[in-house]
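Read the structure below first, then the notes.
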């Protein structure tokens, strides 16, 4: 009987039992060559039986014993004057192919020819299959050429050669194989197409992969489940490299259509199919669809594996579904699916996104206790977790630990370190990281330089920030809008408005267009120095660039007017804000309250508070828990005091307590100042007692006001 070019022998159960008993005897005597020969000599001389024996030994990965059996058979055939067929040699090649030993497989082919045994199509195809493990694809071409001199390669030969190209991700060699198929007039079958699609996937030729599916349809070649698996995998991997939202959505749709098409064709999806589709959903952040797929897998009684759960955990981590990520981990442990490094990396990332740093470190310790070594991704994620925890010392300890373990850091590791420095304002450490990267030969990118500029700016190291900009340019990296905006922010921290505008000029020289964030940061620089003239100039510039002022723009402009003691302009800006239908925030009203306080205009302050109450009700609907701040109430009370409207001040104070806003020392001092002026010592003492109950400690101003109240009373 023949199957795919292989000659198969039909054996009785008794013969099969004999093979098992001989295998057991050989395994028990493998340390002694004489005992091995004795076991073999007790066998009936039958090529089929011995060939089957060789295959079974190969399954046990006993390479030396395979060689011993073949050697004995060659010696016996010479002694008996019997010429061997290709069958036992093919069995040896098959056994070696299973063990991935391509050199020995080729050697057996050479022995066949030396012994005068003509290799057949099975011999060559099996050697070609073994050559998939060869590091040099040219060995496959050499064997094909050698084969064509003796026998005509069939579809199995070319499919096997293509599989070698796919394994080594060699597109050019794959094309050459296809040309040879055309020369030999071999038509592509479903295995050819499936292998080619996988090759396209590995080489990043995603459009070509989908074109192959169209060619299959045109030639009426019905895809099998492996074809669909390969195509859905193409969808998953193409999503990882695509940023265009429309193209990503189209790819998602294609993957879903392919999955539905496979089921419509009567093909049963296997775990590879499901894992590939889960990978697509992971890339698209479709956590609900992923959860539905898990239910389908369980309904279809498909056995899940570590890839299934790792992909699910990663999906839930990306979409901040921490509880679901932990649920998947618990489920895989319950089903005794052992996690791998990818699983733990995804779990640590889920903890990072959920700000559960203690659990992240627990998983980090657990994976090592399980004998799973952390890799560069593990350490990079752990270092990144220290960013939010503001624990830069731990981050650098982890970095030194991976160096001690000889795990080379990659750009992601250094980016995480720089981010930690940025959030913890450790500019000196950031400069060290920059130097380490240069020493390690890591190619710095604009994000890394921008992070260093930002951390230098936070520390007030403005000269260092500008020096990093120059260094970035010397390295041939063109600064982008993010870096220039970070530099303007550094000027803001240093309160250097002139250099902030100089950065705007540098952007123009480098043909970098500022964005709205750039202008808002520049506007913030105007605010910290209290320069409303420059602030309005910035607003004019952003309009020239075609940007429309947003809430942050207006809030910063109002605050700038307050700082520069131009409270009337602050209300003019607010009026303009209303005309443009920009919805004010609580920050807007707080700034306006300060403006009303500055002008001593309690009526306008009351108007602001009323407007604020109306808007606050709407804000509360959108975002529960927000009420006018204590600063807003203090500004309103202060405005009433300055305009001598004391009763209105008390009304505001009562309204403040009714709203559940806790008074601070500023509030109490304002109320005591009113009561002191009215010579109401008993009322002052009641306020002092209230302060004690609210655990607000009197300051020097409170003491001075109390003395004034006592003196006024006497």
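For all residues, glycine too, the Cβ spot is worked out from N, Cα and C.
Unlike curated entries, TrEMBL annotations are predicted automatically.
What TrEMBL lists as domain 'Pentatricopeptide repeat-containing protein-mitochondrial' is 58-173.
Proximity of distant same-chain residues to the repeat 'PPR' (85-119), defined by a Cβ-Cβ separation under 8 Å and at least 6 residues beyond the stretch ends, is recorded for 6-7, 47-48, 50-52, 54-55, 57-59, 61, 63, 66-67, 70, 73-74, 126-127, 129-134, 139, 143, 150-151. The feature repeat 'PPR' is assigned by TrEMBL to 85-119 (among others).
Here TrEMBL flags 189-223 (among others) as repeat 'PPR'. Here the repeat 'PPR' (189-223) returns a mean pLDDT of 94 for the predicted model.
Beyond the ends of the repeat 'PPR' (270-304), by six or more residues, the same chain brings 225, 228-229, 232-233, 235-236, 239-240, 248, 251-252, 255-256, 259, 262, 311-312, 314-316, 318-319, 321, 324, 332, 335, 337 to within a C-beta distance below 8 angstroms of the stretch. Annotation comment: TrEMBL describes 270-304 (among others) as repeat 'PPR'.
Each residue of the repeat 'PPR' (305-339) gets a DSSP state, and the totals for helix, strand and coil are 26 helix, 0 strand, 9 coil. Per TrEMBL, the feature repeat 'PPR' maps to 305-339 (among others).
Taken from TrEMBL, the feature repeat 'PPR' covers 340-374 (among others).
Applying DSSP to the repeat 'PPR' (375-409) sorts its residues as follows: 27 helix, 0 strand, 8 coil. Annotated repeat 'PPR' per TrEMBL: 375-409 (among others), in sequence order.
If you look up TrEMBL, you'll see 410-444 (among others) marked as repeat 'PPR'. Proximity of distant same-chain residues to the repeat 'PPR' (410-444), defined by a Cβ-Cβ separation under 8 Å and at least 6 residues beyond the stretch ends, is recorded for 376-377, 379-381, 383-384, 386-388, 390-392, 395-396, 399, 402, 451-452, 454-456, 458-459, 461, 464, 468, 472, 475, 477.
Long-range neighbours of the repeat 'PPR' (445-479) within the same chain, counting only residues 6 or more positions beyond its ends whose Cβ lies under 8 Å from a Cβ of the stretch, are 411, 414-415, 418-419, 421-422, 425-427, 430-431, 433-434, 437, 486-487, 489-494, 496, 499, 506, 510, 512. Annotation comment: TrEMBL describes 445-479 (among others) as repeat 'PPR'.
Per TrEMBL, the feature repeat 'PPR' maps to 480-514 (among others). Remark: secondary structure over the repeat 'PPR' (480-514) totals 26 helix, 0 strand, 9 coil, with classes taken from DSSP.
Annotation source TrEMBL lists repeat 'PPR' at 550-584 (among others). With DSSP classes pooled into helix, strand and coil, the tally for the repeat 'PPR' (550-584) is 26 helix, 0 strand, 9 coil.
TrEMBL lists 629-663 (among others) with the feature repeat 'PPR'.
Summarising the annotation, TrEMBL assigns repeat 'PPR' to 664-698 (among others). Beyond the ends of the repeat 'PPR' (664-698), by six or more residues, the same chain brings 630, 633-634, 637-638, 641, 646, 649-650, 653, 656, 705-706, 708-710, 712-713 to within a C-beta distance below 8 angstroms of the stretch.
Taking H, G and I as helix, E and B as strand and the rest as coil, DSSP gives the domain 'Pentatricopeptide repeat-containing protein-mitochondrial' (58-173) the counts 87 helix, 0 strand, 29 coil. Across the repeat 'PPR' (445-479), DSSP classifies residues as 26 helix, 0 strand, 9 coil. Among residues of the same chain six or more beyond the repeat 'PPR' (480-514), those with a C-beta under 8 A of the stretch's C-beta atoms are 446-447, 449-450, 453-454, 456-458, 460-462, 465-466, 469, 472, 521-522, 524-526, 528-529, 531, 534, 541, 545.
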